[in-house]
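S.K.: Input: one structure, supplied below.
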Amino acid sequence: MASVGSRLTRFYISRPGVIARRFLAHAGMDDMGVSLSRSSLERLEFDNVALKKLPLDPSTEPGVRQVRGSCFSRVQPTPLKNPEFVAVSAPALALLGLDAEEVLKDPLGPEYLSGSKVMPGSEPAAHCYCGHQFGQFAGQLGDGAACYLGEVKAPAGQSPELLRENPTGRWEIQVKGAGLTPYSRQADGRKVLRSSIREFLCSEAVFALGVPTTRAGSVVTSDSRVMRDIFYDGNPRMERCSVVLRIAPSFIRFGSFEIFKRADEFTGRQGPSYGHDELRTQMLEYVIENFYPEIHRNYPDLTERNTAFFKEVTVRTARLVAQWQCVGFCHGVLNTDNMSILGLTLDYGPFGFMDRFDPDFICNASDNSGRYSYQAQPAICRWNLARLAEALEPDLPPDRAEQVLDEYLPLYNDFYLSNMRKKLGLLRKEEPEDEMLITELMQTMHNTGADFTNTFRSLSQISCPTQEEAEDESETIKQATELLLHQSASLEELKAANRPSMDPRELAMLVSMAQSNPALFQMISDRGTVSRQLERLSRLKELMDTTEEQLRVKHTEHWSDWIQKYRQRLARECESGVDVKDVQTERVRVMNNNNPHVVLRNYIAQNAIAAAENGDFSEVQRVLKVLEKPFSVQEGLEQPGWMGRGGAAIPGERDETEEEGSNSSGAGARGLVPYDSKPPVWANEICVTUSS
């Protein structure tokens with residue numbers, strides 16, 4: 001044991017409204033028989049710069065209200081009854097210098113990490129922000145269920161990479177589901193077990209995939225209950241209140257700057273701090289100085305500085321959405337209040353990883369118009385950047401913003417092509433035809449209903465052509481085709497996928513209304529929705545007249561045509577006298593490091609949630625461990641620890657403040673399903689929704 005000598009310890013004594021700080025010698029206290037030992041959570045060193053640099057709401061009155069001229073409001077988290085850990089993420093907690101095992105053993109750990117008990121140095125607060133939700137300005141939103149706890153100083157010795165990602169050396173921690181705030185609107189500030197587990201698992205899964213994201217350190221549940229109408233059918237039930245610990249350099253978002261917005265011409269709403277121009281400038285200065293220090297140092301001219309800042313946010317956003325597209329991730333609620341100013345994936349609600357590839361994939365069942373579909377994400381992110389630019393006027397001149405926005409699409413395309421070349425193992429050359437090869441791959445996947453994750457993972461098994469194979473190229477293509485046919489959809493799967501969600505009679509009525517009474521039609525529906533439903537109906541009719549054998553012939557033609565082009569492109573990777581075996585070894589390595597073996601599919605999350613709702617948290621913990629190594633082929637993936645035999649559901653949580661939930665109408669009996677397989681039939685019943 002280290003010598004105690006004259007070493008001093010900072011000792012906190014909590015009293016109502018007061019924290020008295022005393023410096024006492026270890027030896028003296030030991031003589032008095034008083035223990036000075038504090039847990040690692042109680043030793044966290046806070047430096048809450050955001051509350052020092054940005055204005056705090058002077059009002060402490062309880063209840064929902066408009067907060068003007070302030071960025072944060074002080075709050076008191078509502079304690080949970082008998083909180084307990086569901087799971088913790090060791091890598092995420094390590095950012096704070098915490099050891100996961102020590103945190104799990106701490107009897108006060110669940111209380112501290114749910115906000116039920118306030119850690120020394122923590123200053124609970126809720127952040128004020130606005131947002132465009134589904135294209136309409138919604139006015140004040142804010143942290144309706146989340147609570148800022150403070151900013152923890154990172155432990156010494158963090159990697160240079162981490163310091164680049166987080167130059168402040170502080171990690172903001174917040175608890176989501178900690179109770180009422182001034183921004184809770186009609187909700188209760190609580191989250192339930194379902195949505196909390198989804199956010200916890202997906203935060204860590206996305207990080208492990210190499211995609212920028214906020215982190216999740218823990219998920220805590222409790223004996224506190226809230227009422228939720230799970231299926232939106234008027235039959236509410238009581239559910240367990242749960243809390244996620246979220247970690248990021250900052251949770252400031254595009255919508256943080258929209259609190260200064262003038263009255264919107266369409267909705268009539270305005271930001272609560274409209275007219276407080278000096279506050280907008282102050283917030284902009286805070287963000288750039290703390291999170292973009294190189295820009296702050298290198299651009300003394302304010303216009304140039306603000307333009308450089310907006311350019312960097314644009315670059316990060318373009319890179320982020322390109323990474324989403326390349327792993328088949330759909331966010332679900334890309335409102336401006338869910339867009340990070342740091343280019344991080346923020347707010348996991350009705351997200352989804354694609355199973356069967358569909359460019360029109362909509363993971364959020366509340367998104368009736370498909371505004372936030374998979375293929376719409378790049379354009380929506382540009383639209384959100386344009387709203388951010390408007391919010392920064394006049395600190396960011398409109399002409400400068402437009403110049404930057406013109407660069408967004410080329411930036412996105414470059415990031416996307418770069419990532420896709422790695423996924424296809426095209427490493428030695430960049431050819432103009434690569435873009436068409438990728439486009440044709442996606443079209444083939446769509447035509448065959450191929451599984452997104454497994455198809456890309458399988459491509460590394462298609463080798464570069466060798467001299468020996470040249471004599472029997474047709475057999476090689478046949479074998480590769482069989483490989484990808486295994487990941488393609490069956491006739492019944494395609495029928496289920498293309499079944500319209502609208503009754504054909506309702507669809508016919510809407511088509512007639514669109515022609516006879518366009519104004520009424522616009523009030524009831526939109527052309528995009530009807531068009532997608534008609535396309536589904538048309539394809540379903542075609543499938544009804546197709547046999548399984550005919551479908552296989554079509555799929556075989558699609559895949560063999562593309563594989564032939566792919567092999568020709570791979571042959572050009574091996575020109576100039578290179579060793580084909582060396583090229584093949586390197587491309588397999590790169591491909592397997594860019595094409596995950598396992599992602600957080602909805603059925604995996606559902607099994608973990610159903611087990612947890614039955615009191616078994618082991619499946620959440622097991623799934624977390626698997627998702628921490630998504631590119632590895634791990635043992636035991638074929639035998640999930642919990643199989644969900646009882647038909648338990650993963651229904652949705654009504655949440656008027658932000659997002660998310662997931663609804664399922666009863667999954668029926670379930671069998672053993674590997675984590676790395678195509679989803680089981682019952683997974684089609686999972687319905688993830690959003691209520692704003």
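Positions of Cβ are set from backbone N, Cα and C atoms, glycine also.
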S.K.: Which of Lys153, Lys176, Lys261 does Swiss-Prot put in the same ATP site as Gly142, Gly144, Asp188, Gly189, Arg246, Arg253, Asp347?
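M.R.: The candidate from Lys153, Lys176, Lys261 that Swiss-Prot ties to ATP along with Gly142, Gly144, Asp188, Gly189, Arg246, Arg253, Asp347 is Lys176.
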S.K.: Among the binding-site residues listed here, Gly142, Gly144, Gly189, which has the most company in the form of other Cβ atoms within 10 Å of its Cβ?
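M.R.: Going through Gly142, Gly144, Gly189 one by one, the largest Cβ count within 10 Å is at Gly142.
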S.K.: Within 10 Å of the Cβ of Asp347 (ATP binding site), how many other Cβ atoms can be counted across all chains shown?
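M.R.: Around the Cβ of Asp347 (ATP binding site), 25 other Cβ atoms lie within 10 Å.
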S.K.: Looking only at C-alpha atoms, tell me how far Asn338 (Mg(2+) binding site) is from Arg246 (ATP binding site), rounded to the nearest Å.
M.R.: 14
S.K.: Please give me the CB contact count at 10 A for Arg246 (ATP binding site), counting all chains in the structure.
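M.R.: There are 26 of them.
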S.K.: Helix, strand or coil: which one is Asn338 (Mg(2+) binding site) in, per DSSP?
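M.R.: DSSP assigns Asn338 (Mg(2+) binding site) to helix.
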S.K.: Rounded to the nearest angstrom, how far is the Cα of Asp337 (active site, proton acceptor) from the Cα of Lys176 (ATP binding site)?
M.R.: 15
S.K.: Could you state the CA-to-CA distance between Arg253 (ATP binding site) and Asp337 (active site, proton acceptor) to the nearest Å?
M.R.: 6
